[in-house]
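J.: Here it is, the structure in full.
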Ligand SMILES: N[C@@H](CCC(=O)N[C@@H](CS)C(=O)NCC(=O)O)C(=O)O
């Protein structure tokens, strides 16, 4: 991680932990919003007006949080407005790196090699982990926001008419339910799999494991008999659910020890995943090779870094 703008090699692959050995995710630190007129959003400061070719997304295909933003960009038809760079799947001793691993890219905007250089360009004294996703402002040469929940929401409405598609990912009449659903699945499922995978005590692991599967059991009947959770098209909640489900059998079931059941054991969730993958643009945001290679290269969890050959995805999706 960065300490006062300097990269420290003494990096912690498990972020932080609490007194019970539970995984604690770092709080995001850049919280400004792109808005149609440049006024301030719900957090942070103003000055980030929606304009074509002004903003850039830094992402990793392995990362579910970054994938939220990639899906939002596709669903809103913002591909020509917001450019993208993709890091390599394996987290190096200097964090995320740009390069020529198939599917990854160079950093065409800033010409950096490592993601942490983007953080120090924005904040030379930055202390913290250099996480993805990052929404970068090419004009102001700074990070607008590095919190995927914010970025997904601002992609929905912040770019106004620049978005080619009018699909509403956060419809006003369903916001209470969407917020409640998001709040329930974040700790138990989206972050729950990480809490299981990076737990350093049996008790912390077992608590997380129980949360993951009780949450999946709770969601399974909710995706039966309707195409998506809260509309006839995907909303934020579908995106936030999908990014965890699509990684489940490839990574979380094995490396994170979430092995009570597989996604493929949940008939409705599996069919839901298929519907999401069939929605135009979504399948292009999923790179199962990056997902498997990335998670299985976390040395503290898999010292040999051998990537499993299975599962057979044609049987799952
Ligand atoms: N709160 C952030 C979390 C992002 C995050 O934890 N990203 C991980 C990848 S899945 C990361 O970049 N980790 C690098 C590190 O911890 O050094 C969000 O949702 O945007």
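Each Cβ is built from the backbone N, Cα and C atoms, and glycine gets one as well.
Curation does not apply to TrEMBL; its annotations are automatic.
So TrEMBL has the following annotated:
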ACT_SITE  63  active site, nucleophile
ACT_SITE  194  active site, proton donor/acceptor
BINDING   96, 129, 130, 131, 132, 147, 148  glutathione binding site
DOMAIN    171-295  domain 'GST C-terminal'
SITE      252  site 'Lowers pKa of active site Cys'
SITE      295  site 'Lowers pKa of active site Cys'
J.: Which of the listed binding-site residues (131, 148) has the least company, meaning the fewest other Cβ atoms within 10 Å of its Cβ?
T.: 131
J.: Measure from the CA atom of residue 96 (glutathione binding site) to the CA atom of the residue listed as 'active site, nucleophile' and give the result in Å, rounded to a whole number.
T.: 11
J.: When you look at 96, 129, 130, 131, 132, 147, 148, which the record names as binding glutathione, what is the longest CA to CA distance in angstrom?
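T.: Greatest Cα separation within the listed binding residues comes to 17 Å.
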J.: Determine, using Cα-Cα distances only, which of these recorded positions is closest to residue 194 (active site, proton donor/acceptor): 131, 132, 148, 252.
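T.: Out of the listed candidates, the nearest Cα belongs to 252.
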J.: Among all protein chains shown, how many Cβ atoms are found within 10 Å of the Cβ of residue 96 (glutathione binding site), not counting that one?
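T.: Residue 96 (glutathione binding site) is surrounded by 30 other Cβ atoms within 10 Å.
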J.: So, in DSSP terms, is residue 148 (glutathione binding site) helix, strand, or coil?
T.: helix
J.: Can you tell which of 194, 252, 295 has the most other C-beta atoms within 10 Å, given these are the recorded positions?
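T.: Answer returned by the neighbour count: 252.
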J.: Have a look around residue 129 (glutathione binding site) and count the other CB atoms within 10 A of its CB, chains all included.
T.: 20
J.: Taking the Cβ of residue 147 (glutathione binding site) as reference, which residues of that chain separated by at least 6 in sequence fall under 8 Å from it?
T.: 28, 30, 31
J.: Cα-Cα, whole number of Å: residue 129 (glutathione binding site) versus residue 295 (site 'Lowers pKa of active site Cys')?
T.: 17
J.: According to DSSP, collapsed to three classes, what secondary structure does residue 96 (glutathione binding site) have?
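T.: For residue 96 (glutathione binding site) - judged by DSSP and reduced to three states - the answer is coil.
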J.: Taking the Cβ of residue 132 (glutathione binding site) as centre, how many other Cβ atoms lie within 10 Å?
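T.: I get 24 for this one.
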